[in-house]
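As given in Swiss-Prot:
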| type | residues | note |
| --- | --- | --- |
| ACT_SITE | H40 | active site, charge relay system |
| ACT_SITE | D85 | active site, charge relay system |
| ACT_SITE | S179 | active site, charge relay system |
| DISULFID | C25-C41 | disulfide bond |
| DISULFID | C117-C185 | disulfide bond |
| DISULFID | C149-C164 | disulfide bond |
| DISULFID | C175-C200 | disulfide bond |
| DOMAIN | 1-224 | domain 'Peptidase S1' |
| CARBOHYD | N54 | N-linked glycosylation site |
| CARBOHYD | N129 | N-linked glycosylation site |
| CARBOHYD | N226 | N-linked glycosylation site |
Amino acid sequence: VIGGDECNINEHRFLALLYSERFQCGGTLINEEWVLTAAHCDMGNMYIYLGVHNVSVQYDDEQRRYPKKKYFCLSSRNYNQWDNDIMLIRLNRPVRNSAHIAPLSLPSGPPSVGSVCRVMGWGTITSPNETYPDVPHCANINILDYEVCRAAYAGLPATSRTLCAGILEGGKDSCRGDSGGPLICNGEIQGIVSWGGNICAQPREPGLYTKVFDYIDWIQSIIAGNTTVNCPP
């Protein structure tokens, strides 16, 4: 996260660190057995850490899991930059709530343009040169009109299941290594960090976030055991 500050240790109990030897992403615990992240975060030999703040410290209530099963949009195992960049992971066993671990609510409605939301992760805090922090950084950004992103990125369709979010004048943004992590509005997960400009936090180049509200039925169906459900068309 560019332009943010170290997150408060108590404000990210739902934040998961997805890690393999050469790759990291964020994720969000949405109940004791399920983590929501981005499809492009799929990696082999993935470990999922919960209850972590400083990655170089071992916490008493830290819990490590691995995926029992990963679910993608069946309508297309393919995702692209503006479609279906979402993955639901069933953990090999449930996690226990603790001082540093608790799930985040799914959205009760879509977010409105102008809302101030919070993005967080262990991604780089500088761009284009990368500097990875030991602790997650948090920044407040705005839900922007989708047209701002259409103006910034050639090829974005007229409508998509993504949110455009950032700061128009630049300076605050998610960045490399934050992928899959949450965009939180009013205590609910509204977005999943998906993609953005090659250099992060540039003016008029906001980030794009998978719009979680559009996938609620898909998420809830899979958790309920209906694994043949398709993503929204």
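Keep in mind that glycine also has a Cβ here, set from the backbone N, Cα and C atoms.
Feature map: Swiss-Prot annotations on the structure.
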residue : record                           : DSSP (3 states)
C25     : disulfide bond                   : strand
H40     : active site, charge relay system : helix
D85     : active site, charge relay system : coil
C117    : disulfide bond                   : strand
N129    : N-linked glycosylation site      : coil
C164    : disulfide bond                   : strand
C175    : disulfide bond                   : coil
C185    : disulfide bond                   : strand
N226    : N-linked glycosylation site      : coil
**CB contacts for N226 (N-linked glycosylation site) [other CB atoms within 10 A, all chains]** = 11
**Message:** On the 0 to 100 pLDDT scale, where does the domain 'Peptidase S1' (1-224) sit on average?
**Reply:** 95
**Message:** I'd like to confirm something. Which of the recorded positions, C25, N54, C185, has a Cα closest to the Cα of C149 (disulfide bond)?
**Reply:** C185
**Asked** Looking at the disulfide-bonded residues C41, C117, which sits with the largest number of other Cβ atoms within 10 Å of its Cβ?
**Response** C41
**Message:** Neighbour count, 10 Å Cβ-Cβ cut-off, for C164 (disulfide bond): what number do you get?
**Reply:** 26
**Fill in**
N54 (N-linked glycosylation site) to N129 (N-linked glycosylation site), Cα to Cα, whole Å, comes out at 22
**Message:** For C200 (disulfide bond), which of the three DSSP-derived states applies: helix, strand, or coil?
**Reply:** coil
**Message:** Spatially, and counting Cα to Cα, which of the active-site residues is closest to C25 (disulfide bond)? Options: H40, D85, S179.
**Reply:** S179
**Item:** Candidates N54, N129, S179: member of the recorded positions with the richest Cβ shell (10 Å)
**Value:** S179
**Message:** Considering Cα atoms only, can you say which of C41, D85, C164 is the nearest neighbour of C117 (disulfide bond) among these recorded positions?
**Reply:** C164
**Message:** Taking 10 A as the limit, how many CB atoms besides its own sit near the CB of C200 (disulfide bond)?
**Reply:** 27
**Item:** Nonlocal neighbours by CB distance (under 8 Å) for C175 (disulfide bond), same chain, sequence gap 6 or more
**Value:** V1, I2, G123, T124, I125, S127, G196, C200, A201
**Prompt:** In angstrom units, rounded to an integer, how far apart are the Cα atoms of C164 (disulfide bond) and C185 (disulfide bond)?
**Reply:** 13
**Request:** By Cβ count within 10 Å, point out the most packed of the disulfide-bonded residues listed: C149, C185.
**Result:** C149
